[in-house]
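A.B. asks: Quick one: the structure is below, and I'll ask about it shortly.
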Amino acid sequence: MARSLTWGCCPWCLTEEEKTAARIDQEINRILLEQKKQEREELKLLLLGPGESGKSTFIKQMRIIHGVGYSEEDRRAFRLLIYQNIFVSMQAMIDAMDRLQIPFSRPDSKQHASLVMTQDPYKVSTFEKPYAVAMQYLWRDAGIRACYERRREFHLLDSAVYYLSHLERISEDSYIPTAQDVLRSRMPTTGINEYCFSVKKTKLRIVDVGGQRSERRKWIHCFENVIALIYLASLSEYDQCLEENDQENRMEESLALFSTILELPWFKSTSVILFLNKTDILEDKIHTSHLATYFPSFQGPRRDAEAAKSFILDMYARVYASCAEPQDGGRKGSRARRFFAHFTCATDTQSVRSVFKDVRDSVLARYLDEINLL
């Protein structure tokens, strides 16, 4: 009968072969302990979701809540991006007015629109006064407002109404973006972006990948050693089409992407955190855009944001249930995948703070307990 290498016998009682095996055993144990220590020191969460679901905004919130925030110098660096967002938004509405055959209501609007259209948004370096005056005039035009109400029929940044409502402040020469201005800014994520921060002595690394379809092939090497998957989906996209393909409903595409991700082998035992984002936009548009028009199975009352939220959550929950597999008969080392869902408004710092605290207290505590590190 072979002697156990864990016996407390004296070293001279072991053969050379057993001494070698004992050294190897000790080295393996040392490596395993070091790996556990590293796991404890840094945990990785993968942030996924379709384009414009709010992933980058969520990362910005993590920086504000758990990181260094945005200094005046940091915020100043967002000026050009915010100017670009404003020009892109107004030009999108001017283009849409022509396509949707919506007339201007004010006598000088065409002249102001022509001026705005002469500017390349991606070459803006300052917000010159003539453009600011033109946009303020246009934003008061009933035709532009009617076009905005039909925004589901063309691509328009969610931040359009916010920025256009603050044109006077933003167009000032001394303008320095606020934290809220920064949160509302939009730049498509390309490639892989990571952000590290500490919560209760645990370092978290959130990995954000590009949401556009062309970026998804770059995801694969991010899948290893992920303790939880955060999936962001927009509640307000039920009546919108993809920017890449105007024949596909954005919410249906998001549901399909969610299903695809859940089926990937890397996530079979990874907890899933669903953030149904943009509650504020849903609550605004549900009064004029009926959910049942796009999802006929919705039988709830019209203009009821809570009923709409419940229905959309149920669609995602059913996708999750259809992808969930029974555990492998209690196989040692296997972890049960769990599903957590939260409604969020990624531009609301207090809302995100509260939701992420729930995530930390449930998902992270459970994970650390499973690897015996609590």
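Glycine too: its Cβ is placed from the backbone N, Cα and C atoms.
Small disclaimer: the values here were computed from a predicted structure and weren't measured.
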A.B. asks: Which one of these stretches, 145-153, 172-180, 181-189, shows up in Swiss-Prot as region 'G2 motif'?
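C.D. replies: Going through 145-153, 172-180, 181-189 one by one, Swiss-Prot flags 181-189 as region 'G2 motif'.
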A.B. asks: Of the ranges 68-73, 296-301, 344-349, 350-355, which one does Swiss-Prot flag as region 'G5 motif'?
C.D. replies: 344-349
A.B. asks: Looking at the candidate ranges 1-8, 113-120, 273-280, report the one that Swiss-Prot labels region 'G4 motif'.
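C.D. replies: Swiss-Prot lists region 'G4 motif' for residues 273-280.
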A.B. asks: Among 30-43, 44-57, 240-253, indicate the range for which Swiss-Prot gives the feature region 'G1 motif'.
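C.D. replies: Of 30-43, 44-57, 240-253, Swiss-Prot gives region 'G1 motif' for 44-57.
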A.B. asks: Which is it, of 124-133, 204-213, 214-223, that Swiss-Prot names as region 'G3 motif'?
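C.D. replies: That would be 204-213, the stretch labelled region 'G3 motif' in Swiss-Prot.
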A.B. asks: Rounded to a whole number, how many Å is the Cα of Ala346 (GTP binding site) away from the Cα of Ser56 (Mg(2+) binding site)?
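C.D. replies: So the Cα of Ser56 (Mg(2+) binding site) lies 9 Å away from that of Ala346 (GTP binding site).
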A.B. asks: Give residue numbers and ranges for long-range contacts of the region 'G4 motif' (273-280): same chain, 6 or more residues beyond its ends, CB-CB under 8 A.
C.D. replies: 53-54, 58, 158, 228-237, 258, 305, 309, 312-313, 316, 320, 339-348, 355, 359, 363
A.B. asks: Mind giving me a neighbour count for Leu183 (GTP binding site)? Other Cβ atoms within 10 Å of its Cβ, every protein chain shown.
C.D. replies: 24
A.B. asks: What mean pLDDT does the predicted model reach across the region 'G4 motif' (273-280)?
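C.D. replies: Result for the region 'G4 motif' (273-280): average pLDDT 96.
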A.B. asks: How big is the Cα-to-Cα gap, in Å, between Ser56 (Mg(2+) binding site) and Met187 (GTP binding site)?
C.D. replies: 8
A.B. asks: List the residues of the same chain that sit at least 6 positions away from Met187 (GTP binding site) in sequence and have their Cβ under 8 Å from its Cβ, in sequence order, or write 'none'.
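C.D. replies: The answer is Ser56, Leu81.
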